[in-house]
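Engineer: Have a look at this one.
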Amino acid sequence: MKYVGAHVSAAGGLANAAIRAAEIEATAFALFTKNQRQWRAAPLTPEIINDFKAACEKYNFGPGQILPHDSYLINLGHPVQEALDKSREAFLDELQRCEQLGLTLLNFHPGSHLMQIDEDACLARIAESINIALAQTEGVTAVIENTAGQGSNLGFKFEHLAAIIDGVEDKTRVGVCIDTCHAFAAGYDLRSQEECEKTFAEFERIVGFKYLRGMHLNDAKSAFGSRVDRHHSLGEGNIGHDAFRFIMQDPRFDGIPMVLETVNPDIWAEEIAWLKAQQTAEQAA
């Protein structure tokens, strides 16, 4: 079973995210549980929590179909201790919000060394940041997203993801989310079925599909291997349709939320319908 949707707005209340996802006939969705560009947010009230849970139940979104994303401000590998502590506090709050909402996944960008510490030291800080937060929460898996490798962001190599996982004590509560645009921009080719086979064989060898907890389905305005993060609508960018057809027809991607972060929300419903059709076509073949 494939779960496909988009990163929808929670403006006006978290429950609205589920409603908006249902309107585009999604079977998965992503959201921010707070303003992603602010450090602090008001605590969740019982009313907000209950309304969100009721909307998810009404529209048949189980916890495994929802991939919340944390704040863009958080850097779990920050080289400066004071800033690292601030990020760790905010990340814990994000996990606790998921816990309160009955959600089981939290997607996040791993972190950046800011040219001040080496990659290994930064990856170790990220793993320790995850350990600190997991020790104070229950039931929520920390889902590390691969990055395009812009600036000093880590996570653009599968080896980075594997190193972070290796440093996490509770392996049952850590996973990864693969963003197709980020992977392509980082030098993992997805432009044909053959290239997809190679890239995901490498992913299996280095990280392992057992850790795959979500996908971001995005085409790329950015060039292959450019280390530039620029999303595009499916089939309109430099990746093309084949990668998304491959993913929809491969059972290794079953049972996880796969969400669009493509550039035109007006065609999300069409993109979701197209993705679903690829799966149906394969099953009928």
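Residue numbering: from 1, along the chain as shown.
The backbone N, Cα and C atoms fix where each Cβ goes, and this holds for glycine too.
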Engineer: Using only what Swiss-Prot says about Zn(2+) 1 binding by His69, His109, identify which of Glu47, Glu138, Glu145 is listed for that site too.
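Structural biologist: Among the candidates, Swiss-Prot records only Glu145 at this Zn(2+) 1 site.
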Engineer: Per Swiss-Prot, which of His113, His216 sits in the Zn(2+) 2 site along with Glu145, Asp179, Glu261?
Structural biologist: His216
Engineer: Can you tell which of His160, His182 Swiss-Prot lists as binding Zn(2+) 3 with Asp229, His231?
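Structural biologist: Of His160, His182, His182 joins Asp229, His231 in the Zn(2+) 3 site that Swiss-Prot records.
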Engineer: Would you mind reading off the Cα separation of His69 (Zn(2+) 1 binding site) from Asp229 (Zn(2+) 3 binding site), to the nearest angstrom?
Structural biologist: 17
Engineer: Given the binding-site residues His109, His216, Glu261, tell me which ones have a C-alpha lying within 10 Å of the C-alpha of His182 (Zn(2+) 3 binding site).
Structural biologist: His216
Engineer: I need the nearest neighbour of Asp179 (Zn(2+) 2 binding site) among the binding-site residues Glu145, Asp229, His231, using C-alpha distances.
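Structural biologist: Of the binding-site residues Glu145, Asp229, His231, Glu145 has its Cα closest to that of Asp179 (Zn(2+) 2 binding site).
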Engineer: Count the other Cβ atoms sitting within 10 Å of the Cβ of His69 (Zn(2+) 1 binding site), across every protein chain shown.
Structural biologist: 24
Engineer: Would you kindly give the Cα-Cα distance separating His231 (Zn(2+) 3 binding site) and Glu261 (Zn(2+) 2 binding site), rounded to the nearest Å?
Structural biologist: 7
